[in-house]
Every structure is written in C-alpha cells, then in structure tokens.
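To start, the structure itself, in structure tokens.
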Amino acid sequence: FSADLEHAEASENARRRSSTRLTRASLRLSRSSQDLKQGADRDETPPRTPTGNAPSSESDIDVSSPVSQEEDERLAKELSLKEAAAHDLSHRPKRRRFHESYNFNMKCPTPGCNSLGHLTGRHERHFSISGCPLYHNLSADECKGKASTRDKQAEERTLSHRQDENRHSTRNQAPSDRQLRYKEKVTELRRKRNSGLNKEQKDKYMEHRQSHGASREPLLENITSDYDLELFRKAQARASEDLEKLRLAGQVSEGSNMIKTIVFGRYELDTWYHSPYPEEYARLGRLYMCEFCLKYMKSQTILRRHMAKCVWKHPPGDEIYRKGNISVFEVDGKKNKIYCQNLCLLAKLFLDHKTLYYDVEPFLFYVMTEADNTGCHLVGYFSKEKNSFLNYNVSCILTMPQYMRQGYGKMLIDFSYLLSKVEEKVGSPERPLSDLGLISYRSYWKEVLLRYLNNFQGKEISIKEISQETAVNPVDIVSTLQSLQMLKYWKGKHLVLKRQDLIDDWKAKETKRGNGKTIDPKALKWTPPKGT
C-alpha cells in the first residue's frame, strides 16, 4: 500500500511539473508576441528567474523550490486574468432595456406611491396619475393579471373575426349566431345591475372619499353594470398606453405640462395649459402656492411653514380702488418683479395665448382682491403697458377659475375702461384674445352699447360720440353693432338701428342681476402715471 501511495504521489508531482512548464511556456509566448508587436528594436531577452539568471532551457528551472512555486502561481494568475480580459465585453455599450428609458428622478404625484407598476400591466414604472395603479385602487399584480385577461380576449376576438370573414359579404348582412349570443349576454349583464347602493356601500364610499380625497379615484363598483365598468377600465388602460407611447417617442417630454393641480388657498384647482415653471417643480404634478405672495412650493408641509411666517396679506403696490370688500392694487413690474413673474406663471396655467413670463418691467399690473378676516384673496388681474403705442388698455386679463361666472370678469374689463376714461384715451384689448376673453369682451361691449342706446334720446347718433363717451375703440363698436344686426346700409349711409327688443331683454337681465358686481367711479383714487 505504501509503495502504491508513493507511486501515486510521484505521478501527481510529475503532472504538476508538466502543467507548470506548459503554463510558463504559454505565458512566454504571449509576452514575446506582444514585444514583437511593440517593435523589433526592443530587447527580446527571455524572462529571468527569481535569482536573476536566465535559464538555458525549460528543464533548468527548479520547480521544487518554494520561490519558483510562488512565481508559477503568480504567472498562472496573470495568464488567467489576461484570458478573462480577452472575453470581457464591459467596454461595449450595454443593450438598453425598456425600463432604462425612464427618468428615475421623476416620481408619481399620487401620495404614498413608489412609482412601480403601470395601469396597463406592461411597464415597470409610471410617473403620471393616468398610469398609477394606486390611484385607480389597484395593485401592480392586479394590473398585470387584467392585462393578460385583455390579451386573451383580444385573441379570441381576432379568431372570431376571422371566422366571420369567411362568410359571404352582402350589403344587408344579418348578424351571426355568435354576435346574437353576445348581444343577449350583454343585455343580461346590464339587466343585473343594482338599482342603487345600500347603506353599507354608501358608508364605504364616503369613508374612502374622506380618507383619500382627490388623491384616489372614487370607488366605481355597483355604480354601473360589471360589463360597462370593465369597458371603462379597458378604455383607461388604452388611454394610458397611448400616453406612454407618446412619452417614449418624445412627443410628450418629461417634466412639461406635468402640473395638473395647484393648491391655492382653500381651493384645489385643475390647470388647463402648460406653464414654464422650473423643471424640479413642473415634474411634481401638484404645486402648493401662497395666495398672498404667490410663492410656489413642493409640499403641503413647506406651504404650512411658509404661511406661518409670511407677513403678506394683500398684493404689493398701491391700493387705488376700494368698495365694500373689493379692492384693486396697482403693482409696478419694475418695483415688484418677483411677484409679477409669479403672477404671470400662475396666469399661464389658465391662458393659452400668454407668452410674457419674466420680462415684466414695462408693465403695470392691476390686481383685484376680495377681502375677509384672513386677508385679500386674489380674484383676477389685468396688465397693461406703461407706454402703449396703439393705446392698448389691457395686455393680459385673467379671472381665477374659482371666481368665474360671477361677474368679476366684467368688473375687470369695466375697470380697465374706467382708467382709459381718466386718461382721456380710447382703449382696446391687445390681440389675440383667448376664447374666454373674447366671450367676456363681446358681452361687455354689448352691454355698454345697449345701456348707451337706452339712455340716448336724440335722433342722430355717431360712432365717434359713442367711442368718446364709453372709451371703447370704434372698431370694437362697429363689430359689436354688426353682430347685433343693428348696423344697416341704406341709401348710401350707415344707419344704427335701435332695436327695442334687445334693449328690453338687457333691462330685464339687469333688474334680475342687481347692482352687486359693478365698478363705482367715485371709489377710484388714482392719477395716471407719468413716464416709466
């Protein structure tokens, strides 16, 4: 047994020596090839031993010495590293995965959401409410399950369409048996819908609404039939998928038009248009604003801390009008630049044609507020150039959404023309007007003309006289008369017809409306500014 063991150890040592010699020989060959590539003028001396002597042949190396064993292990390690480097593909660009096209700095605006999952069940992340499973009261796994179910239904529908295509096409083709069965099934599903909600369901819905508010979609179960609810869910998923495709294609850029709501005072307002807020704020989806100084913030906590320290209770500038709880402040864009810039950014969320945001120095801003025991709350504003070559009395006008359809828009327009009367000028709004602005101005011009014609007792009237008394541009007067069909051409002259039916309708509306939302010229304390 001992003889066999010695024979095995000798054979093992011989195998190790041969493998070591082969390893060192291959390493020398690789080094020599690299030296030849670097240049023929270099010295191609063989590698030296740890003692510094160059061996005459491979057999001269004493592999049994511990120093040579350490050298062999080092050389073998170097060779293995070179072979690994030869197969290393880290220098090549990685293939871009689908989820790597996302900007991971963005976050879903839904409170408590980690931006994982997608309503469609096909994406790993989402950054908008339209794709948020949590907002739709679902989980990411449920969205994936619904996606697989929709795919199966789409395959079955495609297969059934192929079967229907095999039939002969006629002009008045009767529905197939499959279509008739499907129609009966849908009718039966809609007939099973509950007529109303019971008390437990109503309590559950109210509790969900009170706990989550507008940050979650309302519970939709039992409101309609299961079939119609499933159709609505499919439409939501399809719309979310289309938005995601547009975003990945670059047609919907990240961070633009992402502000969906703003918290302004005691109101939460849905925005209408994109406003160029800084990117770090625009990508949040919701902004929190101080309703007095108009500073915008990222969270409710920051807003609460700001409101505890903010000393503003009304806009900066001079109060030039006050009647009751309505006040108007004149704010110079040069003296209060930050406030006016924030006001323009806020206005752009609700105006489509506004292009002025930061160059506010050549303008004056007239801010209308409604006062209570907490301060002067922003109702609306209009701006005008300090020196307008075309005598524009309004450059931009806005009524806040929570105060629309209450008469404040006409009050702002009437106030702008009151300033033009004090300046002894004829004014007109700057074009183009927004859709809501055009409706408001046409309504105001109609009201001014009907009031003037109702009070006019003479027989001859001229547009120039109307313009001088009302400060309305003659072009606007003519266009309003034409829209009311009160301007006629007869025997070479233009005649203004006094339509009593329109005047009677206006008087009836005035009596019903009362005198609550009007501008009193006696309450104005203002002198036109001189120069800039």
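For all residues, glycine too, the Cβ spot is worked out from N, Cα and C.
These figures come from a predicted structure and were not determined experimentally.
Per TrEMBL, compositional bias 'Basic and acidic residues' is recorded for 1-15 (among others).
Here TrEMBL flags 1-74 (among others) as region 'Disordered'.
The compositional bias 'Low complexity' annotation in TrEMBL covers 20-33.
Marked as compositional bias 'Basic and acidic residues' by TrEMBL: 143-168 (among others).
Feature annotation from TrEMBL assigns region 'Disordered' to 143-215 (among others).
Within its own chain, the compositional bias 'Basic and acidic residues' (178-189) has Cβ neighbours under 8 Å at 160, 163-164, 225-227, counting only residues six or more beyond its boundaries. Marked as compositional bias 'Basic and acidic residues' by TrEMBL: 178-189 (among others).
For 199-215 (among others), the entry in TrEMBL reads compositional bias 'Basic and acidic residues'.
For the domain 'MYST-type HAT' (254-528), the predicted model reports an average pLDDT of 89. Sequence annotations record features per position, and here TrEMBL assigns domain 'MYST-type HAT' to 254-528.
Residues annotated as active site, proton donor/acceptor in TrEMBL: E430.
If you look up TrEMBL, you'll see 512-523 (among others) marked as compositional bias 'Basic and acidic residues'.
Positions annotated as region 'Disordered' by TrEMBL: 512-532 (among others). Long-range contacts of the region 'Disordered' (512-532) within the same chain, counting only residues at least 6 positions beyond its ends with a Cβ under 8 Å from a Cβ of the stretch, are 320-323, 330, 334, 362, 364, 386-387, 406-408, 410-411, 414-415, 418-419, 421-423.
Under 8 Å from some Cβ of the compositional bias 'Basic and acidic residues' (199-215) lie the Cβ atoms of residues 110-111, 135, 222, 261, 268, all in the same chain and six or more residues away from its ends. Counting residues 6+ beyond its ends, the compositional bias 'Basic and acidic residues' (143-168) has Cβ neighbours under 8 Å at 117-122, 133, 176, 178-179, 233-234, 237 in the same chain. Counting only same-chain residues six or more apart in sequence, the Cβ atoms lying under 8 angstroms from the Cβ of E430 (active site, proton donor/acceptor) belong to Y392, V394, S395, C396.
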